[in-house]
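K.L.:
First, the structure itself, so that you have it in front of you.
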Amino acid sequence: MNEKMADVMVKVFIQIKPRRQTQDSVEDELEMATVRHRPEALELLEAQSKFTKKELQILYRGFKNECPSGVVNEETFKEIYSQFFPQGDSTTYAHFLFNAFDTDHNGAVSFEDFIKGLSILLRGTVQEKLNWAFNLYDINKDGYITKEEMLDIMKAIYDMMGKCTYPVLKEDAPRQHVETFFQKMDKNKDGVVTIDEFIESCQKDENIMRSMQLFENVI
Amino acid sequence: MAAGVAAWLPFARAAAIGWMPVANCPMPLAPADKNKRQDELIVLNVSGRRFQTWRTTLERYPDTLLGSTEKEFFFNEDTKEYFFDRDPEVFRCVLNFYRTGKLHYPRYECISAYDDELAFYGILPEIIGDCCYEEYKDRKRENAERLMDDNDSENNQESMPSLSFRQTMWRAFENPHTSTLALVFYYVTGFFIAVSVITNVVETVPCGTVPGSKELPCGERYSVAFFCLDTACVMIFTVEYLLRLFAAPSRYRFIRSVMSIIDVVAIMPYYIGLVMTNNEDVSGAFVTLRVFRVFRIFKFSRHSQGLRILGYTLKSCASELGFLLFSLTMAIIIFATVMFYAEKGSSASKFTSIPASFWYTIVTMTTLGYGDMVPKTIAGKIFGSICSLSGVLVIALPVPVIVSNFSRIYHQNQRADKRRAQKKARLARIRVAKTGSSNAYLHSKRNGLLNEALELMGTPEEEHMGKTTSLIESQHHHLLHCLEKTTGLSYLVDDPLLSVRTSTIKNHEFIDEQMFEQNCMESSMQNYPSTRSPSLSSHPGLTTTCCSRRSKKTTHLPNSNLPATRLRSMQELSTIHIQGSEQPSLTTSRSSLNLKADDGLRPNCKTSQITTAIISIPTPPALTPEGESRPPPASPGPNTNIPSIASNVVKVSAL
């Protein structure tokens, strides 16, 4: 059933992405309006994730409230995320985040994707969390973090702060930050960071380890 | 942050893990989640209709009543629910606001009721969603207008006693119904305006011939008569203008107002004419000036509300009128050009130039069709017909807008008048209700004391005479009573319905006990309910009564359902003021309240007054003196045993 849903959604999204005002757009809108996604049964989700039933219920209620159709597309995702960071521009980072959550890359985050991601972030082991973070940084998902990818991520994070910061944001601050990061992480100095280097370096850093535990009790 | 999005906060926080490996410094500690309650369903009982929602839904908006701890005040321990004694319909909208983050305004709801509910729940109306915001604002504006109207007419009706002469005059000018003089002035000026306009018109009518010359208009034939009439009218107008100028609160603003400009323009030609009578050069201009005399007809707008509304409408539709004019001009120029070139070829064409064709275009577009200029070529005729068809369209478009504006303003005025008329009835009702309640208070005072008196006298079966008052009423009355005691004054009922009929006791008489007794008895024998009603208006030692006559007022005891037996001649407590002998006037007043006239009171007449209360008891006349002469019982309550200051004191006591 998931596959069928995914197919439907893919069809819909691919058709809609270039916004042509043609005859198709009417039908597209109709299809879009009728695309609804129902999540898997509660028990199944409970088994797949590390949340309890009650937590799942709470999460789903919030999710469904914001997205009655059951899926989040990138626009909505960006909107929601920008509500939390009113001063800066969080669209770029939200885009990366969306890609990180959208594990099957169908352009929409369903509740299952959502739960999967949250399960890792909130209830996963440190290894899993670091894995997830690596996945986030690796924009093209090729297993290596290059300096350019890191720079994009860094710029996106700094963008979220906005213009009114103290001290004032310098032009090359992201680049500097990337350099620092690579110095720390890139053990063999080959200009890319692999997953093992990443995990190893992080595990050596106490601050990072501690901060990974920070959001345990979010739900 | 929108409410629904709050549900996504855990997600945003979780996603922050993505920053951790990148960060250079340690992260701050997360806030501890004390009171971590499991989300629970709470029941909101609003006037019997139960609504249920999650606690977290309500906590999305922590600065409202439902989202804060304020709702704990409404928690009902027995039923474990929150009970609100409010309108469940509006509550539905309020709760939906919590659920969806959008507040809607239902159309069927009264605007002030809705506002009240919102204020109760601590929700600002500004967050009403766009879908309903316009409707809400419109209704609110109408309501505000209504309130303003009410306030205005209230202010108008309150008689401001200390108006200066100038202000009275201004009010008379602005509102002719305030006094007869104003009304007279109003009609006189109206008459003269009419006369002036008619003379202007009749002046030009040909009036028959003087033998030996051509036909003259009336104006030249009877020039003296017309001149006199004109002078008279202008005199009146000048006087009126000067009076208005004098009375105006802000002269500068008055001079700039439209009506005053019309006045000036109406009378100026005459004066200018006087000044330059015999100067031949400017007599042409002088003739033109006479045209301005027709402006006098606009002075009627002070007299007619419809005319004012029309003027106001035109002013408010200025943009539509401008558009009309502009589009007409465009069309005229286009068609005139076309017609000119179309008719250029034809011989003896009247379309000599484009401006000359303007006349044709205007006449055709407004469907007048005089026929003095007519196209002769085929092309001309084709374009001419297109011109007339389009004329109808162009004119018909802005006109409904102007009409609807006029209609709206006119109806608004009608509504204002209607409200003013209804207001009188409403105020009368309110007044009756108010006096009713104060009567109820005074009445219950009497009853209360009566009851106590009866108990004292050992008449157990009469304990609950009179109307039983509800708990709230009795508490209210107690409050008023306390106020009376505090200030030493008492409530005065000025309603003619409740005038008091005292017996034959007149003021300015000294009274002695016996006579009083007899009087009391007499009148009580005569007609039971209506006698001896307390002078509800007085309270001993009162400002109002201490020097006023209170004789011979009648009242009808509301208390007429007394059981007829011994209570027939029962009198309420009455008080007699007896002043010191040096004071000529004696006010006899009966009050329903017995007083401790002494300390509590500060009689405003600085005379020594003794107030006593008399209880007459339902006894046969023979017993009366006994009753009266009984020494004041040492009973609880405000006993009065006032030592007499003068010999003519009637003692007593009362309760």
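Glycine residues also receive a Cβ, built from the backbone N, Cα and C atoms like all the rest.
Bear in mind that TrEMBL entries carry predicted annotations, made automatically and left uncurated.
Grabbed the feature section from TrEMBL, which reads as follows:
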- B:525-548: compositional bias 'Polar residues' (COMPBIAS)
- B:637-647: compositional bias 'Polar residues' (COMPBIAS)
- B:40-139: domain 'BTB' (DOMAIN)
- B:525-565: region 'Disordered' (REGION)
- B:615-655: region 'Disordered' (REGION)
- B:1-16: signal peptide (SIGNAL)
- B:181-202: transmembrane segment (TRANSMEM)
- B:222-243: transmembrane segment (TRANSMEM)
- B:255-276: transmembrane segment (TRANSMEM)
- B:321-342: transmembrane segment (TRANSMEM)
- B:354-370: transmembrane segment (TRANSMEM)
- B:382-403: transmembrane segment (TRANSMEM)
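I'd like these features described in context: how deep, what's nearby, how far apart.
P.N.:
Note on the domain 'BTB' (B:40-139): mean pLDDT across this stretch is 89.
Proximity of distant same-chain residues to the transmembrane segment (B:222-243), defined by a Cβ-Cβ separation under 8 Å and at least 6 residues beyond the stretch ends, is recorded for 169, 173, 185, 188-189, 192-193, 195-196, 199, 203, 207, 260, 263-264, 266-267, 270-271, 296, 299.
Long-range contacts of the transmembrane segment (B:321-342) within the same chain, counting only residues at least 6 positions beyond its ends with a Cβ under 8 Å from a Cβ of the stretch, are 314, 351, 353-358, 360-362, 364-365, 375, 377, 379-380, 383-384, 386-387, 390-391, 394-395, 397-399, 402.
When Cβ-Cβ distances below 8 Å are used as the criterion, the transmembrane segment (B:354-370) is approached by residues 328, 331-333, 335-337, 339-340, 343, 384, 387-388, 390-392, 394-395 of the same chain, each at least six residues removed from its ends.
Counting residues 6+ beyond its ends, the transmembrane segment (B:382-403) has Cβ neighbours under 8 Å at 313-314, 317, 320-321, 323-324, 327-328, 331, 335, 338-339, 342, 360-361, 364-367, 369, 375 in the same chain.
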K.L.:
Take the domain 'BTB' (B:40-139) and count its residues per DSSP category (helix H/G/I, strand E/B, coil), listing them in that order.
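P.N.:
Tallied per class, the domain 'BTB' (B:40-139) gives 47 helix, 20 strand, 33 coil.
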